[in-house]
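Listed in Swiss-Prot for this protein:
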- 10-11, 31-32, LYS38, LYS53, 75-79, ASN92, LYS143, VAL175, LYS183: NADP(+) binding site (BINDING)
- TYR139: active site, proton acceptor (ACT_SITE)
- ASN174, SER185, HIS192, PHE206, GLU207, GLY208, GLU209, ARG212, TYR275: substrate binding site (BINDING)
- LYS183: active site, proton acceptor (ACT_SITE)
Amino acid sequence: MFIVTGGAGFIGSSIVKSLNERGITDILVVDDLTDGAKFVNLVDLQIMDYMDKDEFITQIVSGQDFGDIEAIFHEGACSATTEWNGKFMMENNYEYSKDLLHYCIERDIPFLYASSAATYGGNDTFKEELKYEKPLNVYGYSKFQFDQYVRRIWEDAAAHDETLPQIVGFRYFNVYGPREQHKGSMASVAFHLNNQLNAGENAKLFEGEHKRDFVYIGDVCKVNLWFFDNNVSGIYNLGTGQAESFLEVGQAVVAYHQKGEVERIPFPEHLKGRYQSFTEADLTNLRAAGYKDTFKSVAQGTAEYMAWLNR
């Protein structure tokens, strides 16, 4: 059996889909469906069972035996970079992750989890090293602190010559693609621009030359499953390694629709200083781990995404 936390969410449900494509259906999806709109992500998927996140945490903490677990893909988190309730964020993203990690260590279960490029904050170097990690918001801090916790676990195990199961964290950069529609304001810029053009408006982008490392969801799933297949541990950047501008996203959306144009709007005051204006994954460690596949460009990924959204 596989367990996917956040399995009704964007990345989680996409991993479930990728497992289904391998013929794997013995999957326990864990999520919080208080936002009932997320159920849409599960409609076309084959799963064995669904469990509410709070019930799952209770069972994990009490040491419940779930039977033979091949791996846990831990994608469940509060991913809103605009959320400033630190207590809520640390409970959701840090304490929950620690409980799951120890459950996996005690039972020798591979643990593949979602970290984030938000751990780097306003840096212009995006390499998996402490000196480059300075998060700008409490979401990034919660992810950073769990990465630090994992590093201490590795150090402690090495000092005592202990063997650990696979533990791998992926620092997701700007992921976009199918199954993110429930995220509202946190959905990708491509999603919002598509809605604007379908409403007869122009594609509105903030002023400035902001560039991000936009990575297509299909590539994110491929990396997750490659690491599971190859039993490699570590913390790795998961982006394309190539920053592209929001303008290029806008142009790709306009090119698909063959109408409208990119329109510039003022950058919101409340986001200044709390917003990464540039991200670009350093893929040195990912490539050294053995992952060789290429990543879709913004033009390629956006075209595929637009075809899915407007199907």
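Cβ coordinates are placed from backbone N, Cα and C, and glycine is handled just like the others.
Structure with Swiss-Prot features highlighted.
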residue	record	DSSP (3 states)
PHE10	NADP(+) binding site	helix
ASP31	NADP(+) binding site	strand
LYS38	NADP(+) binding site	helix
ALA77	NADP(+) binding site	coil
TYR139	active site, proton acceptor	helix
ASN174	substrate binding site	strand
HIS192	substrate binding site	helix
GLU207	substrate binding site	coil
For the binding-site residues LYS38, LYS143, LYS183, HIS192, the one whose C-beta sees the most other C-beta atoms within 10 angstroms: LYS143
Tertiary neighbours of GLU75 (NADP(+) binding site) (same chain, Cβ under 8 Å, six or more apart): VAL4, THR5, GLY6, GLY7, GLY9, ILE11, GLY12, ILE15, TYR113, ALA114
Rounded Cα-Cα span from LYS183 (NADP(+) binding site) to HIS192 (substrate binding site), Å: 11
Inter-residue Cα distance where the pair is LYS143 (NADP(+) binding site) and GLU209 (substrate binding site), in Å: 27
Other CB atoms, at most 10 A from the CB of ALA77 (NADP(+) binding site): 25
C-alpha spacing of ASN174 (substrate binding site) relative to LYS143 (NADP(+) binding site), in angstrom: 15
From recorded positions TYR139, ASN174, GLU207, the one whose Cα lies nearest ASP31 (NADP(+) binding site): TYR139
C-alpha spacing of GLU207 (substrate binding site) relative to ALA77 (NADP(+) binding site), in angstrom: 30
Top Cα neighbour of GLU207 (substrate binding site) in the set of recorded positions PHE10, LYS38, TYR139: TYR139
Winner by Cβ contact number (other Cβ atoms within 10 Å) across the binding-site residues ASP31, GLU207, GLU209: ASP31
LYS183 (NADP(+) binding site) to ASN174 (substrate binding site) - Cα separation in whole Å: 14
Integer Å distance between the CA atoms belonging to TYR139 (active site, proton acceptor) and PHE10 (NADP(+) binding site): 17
